[in-house]
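Database features, via TrEMBL:
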- 40-128: domain 'Pyrroline-5-carboxylate reductase catalytic N-terminal' (DOMAIN)
- 224-244: transmembrane segment (TRANSMEM)
- 264-291: transmembrane segment (TRANSMEM)
- 312-331: transmembrane segment (TRANSMEM)
- 351-376: transmembrane segment (TRANSMEM)
- 383-403: transmembrane segment (TRANSMEM)
- 423-445: transmembrane segment (TRANSMEM)
Amino acid sequence: MSHSTSYSAVGSNHDHKEESIFILPEPEANCCTFTTQAPVAVIGSGWFGRALTTRLQRAGYSVTLGRRHPDQTLTQGFRVPVRSVSYSEAIQSAPVVFLAIPWAAHAWFASLYLSELQGKVVVDVSNPAAENECCQLQCSIAETLARRLPGVTIIKAFNTVSAYALEYDMPGSQRQVLVCGDSLNGQRKVMNIARSLGYIPVDAGALRMACELERANFAFFRRWWGAVAYAFFLFVFFTFYLIIRTHVLESNNNFRDLPLGTMNQVLGSVTLVLLGSINLAGVAANLWQLVHRTSAKAFPFWLANWLNARRVLGLVAFMLMLLHVFTGVLAAPFSHLVERGKFTAIGQGGLLVGCIGFMLYCLLCVTSLPGVAAVMSWVEWRFVQSTCGWWALIAVTLHAILLEEHDWKEISYQVRYMPNSSILSVAIPALAVVLKAILLLPPVAEYLHKVQTTK
């Protein structure tokens, strides 16, 4: 678990960090503002155009809203506290024009207002209706608009900010505004506007990068697929393994405990393997550096992806851990838990270290939040995420061992040569802990530090 997602090159060898549906009250149109900024024009009175106009007006800009039919009255829910004029009047009123009309109307708009837009900075905020609608030809909406408006500075920006978050400035909403264009002066103007609205402008490069900005809105858990597939594989494996071992084989065919008892074991096993895989990734990276005697060489593709997947693996593991805790509480009154000796001294110790591990992982999740991490020093954050993370893994591993050691001694351990599932689930965490202990040995730790600090 780490800080908020950031772009990074595959192979880096350093450690890696829906819109609300609640209806908020409309801002009052007569709220006090101070017009101290340069004039700005917004073309289009749709939801985004209305939201952008309202936000600019609040920030003190002299905003002119351009509409196809300025004489028509806006509906009650879409009124804005600025004057509505024709497209031509809006274009002439400001050096910076935000184009907030559907991209399908760009060709019509460009053919009518090309001459009036000369020398202006036009900010394209539109997005395609589908991911491959424009980018399948490697040509973004902004680039197409630039070809239709020669002599006009085209900047792509604000397309990754939702209209709702823009108008209501929701806490926790996207604070970055990606800006790309071929004119440094045009980019600077738009970035200054974004900054004055309370956003963090980010230079996303030349206009050819607009395709990536437009695709960004269609990202659907792209960084999650590998981790989720791995977790799903483990879930299916342990589910079938425990059903066969516990319910199908001879003398173990009672399906009464399947919904809670067995699934609780499945969730615990999957969670433990996922948590062990997270810590094992860092250990594997350190071993790779020791073998190659350098930290400057890029990690191989598989190891880099493994390291990058740790955050998602942690989130998936924590969700499964919560389910494991809830189902464990629900299954606690069942007699088989007592019959198996869970509440002996060793069993109580297992529950205690399990609770400690759970609380430590809750701490890790909380400190992974950007708002919490922002008020922590690097040493504090690393202590929680690394040191506490290892103690959390040790605690949950001991939890599994102490609760299941009684079954390891029973003859049921040898049911058709299928070992207890806890033996399989503790293998990876135990391996990670043992390897970490080796890396902490003074000679090894000293040499690893030398490798990591030597250029």
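Cβ atoms are placed via backbone N, Cα and C, with glycine included.
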Tertiary contacts of the transmembrane segment (224-244) (same chain, 6+ residues out, Cβ under 8 Å): 258, 262-263, 265-266, 269-270, 273-274, 277, 305, 309, 312-313, 316-317, 320, 418, 421, 424-425
The domain 'Pyrroline-5-carboxylate reductase catalytic N-terminal' (40-128) - residue tally per DSSP class, helix then strand then coil: 33 helix, 19 strand, 37 coil
Folded-back contacts onto the transmembrane segment (264-291), same chain, C-beta under 8 angstroms, at least six residues removed: 13, 15, 230-231, 234-235, 238-239, 242, 299-300, 303, 306-307, 309-310, 313-314, 316-317, 320-321, 323-324, 327-328, 331, 361, 389-390, 392-393, 396-397, 400, 421-422, 424-426, 428-433, 435-436, 439, 444, 447-448, 451-452
